[in-house]
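Annotated features in TrEMBL:
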| type | residues | note |
| --- | --- | --- |
| TRANSMEM | 213-236 | transmembrane segment |
| TRANSMEM | 281-305 | transmembrane segment |
| TRANSMEM | 317-340 | transmembrane segment |
| TRANSMEM | 352-376 | transmembrane segment |
| TRANSMEM | 382-404 | transmembrane segment |
| TRANSMEM | 439-461 | transmembrane segment |
| TRANSMEM | 473-499 | transmembrane segment |
| TRANSMEM | 511-531 | transmembrane segment |
| TRANSMEM | 543-565 | transmembrane segment |
Amino acid sequence: KLLAQWTTKAATSPVLTVTELVLTLQYTDKEEVVLWMNTVGPYHNRQETYKYFSLPFCAGSKKTISHYHETLGEALQGVELEFSGLDIKFKDEVMQTTYCEIDLDKAKRDAFVYAIKNHYWYQMYIDDLPIWGIVGEADENGEDHYLWTYKKLEIGFNGNRIVDVNLTSEGKVRLVPNTRIAMSYSVKWKKSDVKFEDRFDKYLDPSFFQHRIHWFSIFNSFMMVIFLVGLVSMILMRTLRKDYARYSKEEEMDDMDRDLGDEYGWKQVHGDVFRPSSHPLIFSSLIGSGCQIFSVSLIVIIVAMVEDLYTERGSMLSTAIFVYAATSPVNGYFGGSLYAKQGGRRWIKQMFIGAFMIPAMVCGTAFFINFIAIYYHASRAIPFGTMVAVCCICFFVILPLNLVGTILGRNLSGQPNFPCRVNAVPRPIPEKKWFMEPAVIVCLGGILPFGSIFIEMYFIFTSFWAYKIYYVYGFMMLVLVILCIVTVCVTIVCTYFLLNAEDYRWQWTSFLSAASTAVYVYMYSFYYYFFKTKMYGLFQTSFYFGYMAVFSTALGIMCGAVGYMGTSAFVRKIYTNVKID
């Protein structure tokens with residue numbers, strides 16, 4: 001019946017997923033239930049996974065059911081489902097039954113011993129519910145090694161749906177070369193009161209994610225936002241009020257008094273503050289990419305709050321890829337309009353750089369790690385067809401949408417409507433104290449934004465690099481809002497001090513001071529790797545630091561864009577309110 005429904009639906013719909021079929025399938029008594037074998041790998045290296053049958057396990061005698069990757073996210077995450085060959089029928093109990101035998105020669109024994117020494121565990125799926133089991137264990141002396149040979153399955157059902165699966169590993173057998181090891185299984189069915197919609201709740205860890213420390217960190221960050229916003233408002237409003245009063249007083253002076261007066265402050269650079277930034281092509285591409293990353297983060301978090309994306313394999317990654325492609329006009333609009341305002345003429349080159357900046361960084365890192373995964377024969381190795389699919393998305397979806405956004409941005413908001421004229425000759429930048437230099441401001445600018453997300457980074461890292469399912473996306477939304485507010489406040493303060501020192505190079509300074517948050521996040525990732533995990537090996541190390549670099553860079557570009565946009569509004573506001581002859 002499963003194959004019949006699959007074939008019928010496939011004939012009418014070219015896009016078919018196993019998940020979609022399973023969620024619509026309601027079992028009848030004695031109907032086939034498929035046990036999929038997924039991956040096997042060391043417990044401490046979550047991303048170092050291999051095909052289940054890469055170890056010399058044996059499969060059942062039942063006919064194999066073909067499986068193809070159901071989503072792009074599943075393919076990119078290295079999900080390798082293979083039919084176990086076990087005969088399982090809905091509500092049909094199976095007593096302990098031998099389904100195959102392993103002829104344990106020396107090579108197979110060595111493979112199992114290596115897996116046991118490295119704490120290998122395997123993952124299986126029944127009706128999209130994950131099941132985990134350990135390969136074996138060693139004795140106290142580490143001399144003898146034992147393989148678990150008996151899979152005891154207990155499946156809970158509610159009506160005609162499967163709502164719970166538990167695995168108990170029994171039958172410990174000592175690994176001795178040139179022997180035969182019988183692999184067996186049993187299936188017990190029990191009625192359950194768990195609703196089908198709540199069947200994934202058992203995999204969540206409320207005691208970890210909803211711990212008092214997590215609530216306290218959110219409250220602490222929120223209080224810091226209130227304090228920082230109030231402090232910035234008070235300082236800037238009082239200071240700017242004094243500045244406006246002083247400048248108004250200067251306007252009433254005659255020319256001789258003004259010449260004899262002491263002219264200093266942010267008003268003195270009004271003729272240079274809206275001067276195009278250095279390297280405008282790269283700068284506008286970074287701003288456009290940062291705005292797109294912010295849009296993607298916001299939309300994906302909202303979708304994750306509404307839909308339980310963790311219940312489907314690869315759904316989070318698939319959603320992020322789809323949203324990133326769909327929001328490409330955002331990149332083109334903000335990047336193209338900013339480049340046009342700064343007088344850029346090579347807008348096609350800017351569009352290409354803006355469109356492919358983030359995809360090139362992610363794909364370059366992924367392809368580098370993919371070579372290591374291929375060397376290790378890991379399931380994380382990305383298939384060639386998936387690489388082609390990603391490239392097609394970049395060229396045939398992201399690029400055209402980015403072009404549309406660029407054209408709209410240039411035509412709708414590409415005119416340089418600055419409140420002050422730009423001087424033909426740049427004003428010389430006076431000497432100032434060392435702590436007012438842009439390099440120092442950039443280094444210090446990311447401390448407070450990092451402090452506002454420090455605790456949340458621990459929970460996110462633990463979810464991705466350990467075995468926790470992250471589901472508190474409401475917390476993540478609050479942290480994103482807090483991060484944006486803190487970043488804008490900090491960059492406004494930094495920019496005001498810079499302009500007050502008559503240094504008009506605020507564009508790159510505001511961007512980099514906010515983006516420096518990424519440096520602190522990446523530094524924290526080193527601490528997390530060495531002190532909070534037990535990861536080891538070239539594959540896991542390269543995977544960890546490679547993708548942490550991608551994550552940190554994307555976070556930095558997003559923070560930089562948010563900081564620049566907020567600072568730009570502030571700069572336009574203060575220079576609009578000043579009367580300049």
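Note that Cβ sites are derived from N, Cα and C of the backbone, with glycine treated the same way.
Taking Cβ pairs closer than 8 Å, the transmembrane segment (439-461) reaches residues 208-209, 213-214, 217, 220-221, 224-225, 228, 470, 472, 475-476, 479, 482-483, 486-487, 490-491, 494, 497-498, 509, 512-521, 524-525, 528, 532, 559, 563 in its own chain, all 6 or more past its ends. Within its own chain, the transmembrane segment (352-376) is flanked in space by residues 48, 50, 76, 78, 281-282, 284-286, 288-289, 292-293, 324, 328, 331-332, 335-336, 382, 387, 390-391, 394, 398-399, 402-403, 406, 538-539, 542-543, 546-547, 549-550, 553-554, 557, which lie at least six positions past its ends and keep a Cβ under 8 Å from the stretch. Long-range contacts of the transmembrane segment (543-565) within its own chain (CB-CB distance under 8 A, at least 6 residues past either end) are made by residues 47-48, 286-291, 293-294, 297, 334, 358, 361-362, 365, 368-369, 372, 380, 445-446, 449, 465, 483-484, 487-488, 490-491, 507, 510-519, 521-522, 525, 529, 535.
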